[in-house]
Amino acid sequence: MKIFFVSSSFIALEVFKEILRHYEVVGVLTLPDKPKGRGQKLSQNVIKVEAIAKDIKVFDPLILDNNTLNSIRDLNPDLMLVFSYGKIFKKEFLDIFRMGCINVHPSLLPKYRGVSPIQSAILNGDCVSGITIQSMALEMDSGNILVQKKFKIRSYDTSYDISKLVSSLSPSLVLEALEKISKGFLGIPQKSSEATFCSFLKKELGFIDFNLSSFEIKNRINACNPWPLVRAKLDYSDIIFHRADFWEIDLYKERKVGEIVDFDPERGLFVNTGKGILFLLEVQRPGRRVLDFKSFYNGSRQLIGRVFSSVGGIY
C-alpha cells in the first residue's frame, strides 16, 4: 500500500514514523515554512524535516493548484492519511486515492467535529475524550468510523498534555485502521444527529474574569495551554497561568475574588473565585521560565492577601 501523508504538526510525528516502518510513503503534503523567533527566519515544521531526512517528496503549496495535483497523481498513491493539517480538501483531490482517505481526529466523533477538539473537551470540563480514525468525506469530520479509543482527562491536564497523549496513542490505532481497510472494512457511519462542533480558539479566552467559578477558570487555563495562555495582573505585573486545578466549595466567601487566600504545598496556590477555590499549579512571569507553584511562592514577596485583577477582554 502506497501512502500519501498529510500533516503540519508535531502531534502527527509518531504516526508518521510508525507508518514509515510499515508502509511505503510516496509523498508528504504539509504547510509552507513559517517565520519563527526574533529573527523571523523561515522554519520547517517537524513533519517536513522528517520527510526530507527520509528523502520523501514534499509538497508545501499555499494552494493545491492543478500542477500540484498532477504531481501527486503521478506518484500513484493508494491512500491518503491526514493528521492535523488544517485545510479542507475538494473532491477532485480526494478522488486521486483509489483506496480512499483517512483522518486521525482527536475526539470521540461525532462529538467535537472541527478544528479544536482537544481544547474544547478541556474547556467544557470533559472527563473522557478519545481518538477516532475516520474515512474522509466532503463534509468535515463526518466520515465512517474505522477505529475509536477512549482515554481519561485528568482535572489538571492541559491541551498540550492531551496532544502528547494523542500523539503516543495514535500510531497503533492507525495501523489497526489500515489493516481493516486492507480487508475491505468500510467503517461504521456516524450518528450525525449527535454531532457537536468546535471552532478556532480566540485570543480573548486568555482574558480571565475571577467572578467565574473555579471550575470554569480552571478549564480555561488548561485549555489555553499552549495557546493563547490565560493571564492576569498581580499589582502591576502580568502573570501567565499554565496549569490549574479547582475545588468548587466556597471557603472564603468574605474574601475578594481574585485574592490569593492560602498556600498548600500539596495542592497549590489558592485563589478565591466567584464560586470555589482555584488551585494555581504552574505560572510564569513574562520572559521568564515556567515555575511550579512552590517555586513561585518561595520566590515572591508576601503573596497571601494580594489580589489578581483581570486583564481586559471579552468574557
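Glycine is treated like the rest: Cβ placed from N, Cα and C.
Taken from Swiss-Prot, the feature (6S)-5,6,7,8-tetrahydrofolate binding site applies to S107, L108, L109, P110, supported by sequence analysis. In this structure, P110 ((6S)-5,6,7,8-tetrahydrofolate binding site) belongs to neither helix nor strand by DSSP; it is coil. Contacts of P110 ((6S)-5,6,7,8-tetrahydrofolate binding site) defined by a Cβ separation under 8 A and a same-chain sequence distance of 6+ are given as D141, S142, Q190, K191, S192, E194, A195, T196, in order along the sequence.
For L108 ((6S)-5,6,7,8-tetrahydrofolate binding site), the Cβ neighbour count at a 10 Å cut-off comes to 20, with all displayed protein chains included. Taking the mean position of the Cβ atoms of S107, L108, L109, P110 as the (6S)-5,6,7,8-tetrahydrofolate site, the remaining same-chain residues with a Cβ inside 8 Å of that point are H105, K111, Y112, R113, P117, G130, T132, D141, Q148, Q190. Cβ neighbours within 10 Å of S107 ((6S)-5,6,7,8-tetrahydrofolate binding site), excluding its own Cβ and spanning all shown chains: 24. The Cβ neighbour count for L109 ((6S)-5,6,7,8-tetrahydrofolate binding site), using a 10 Å radius and every protein chain shown, is 26.
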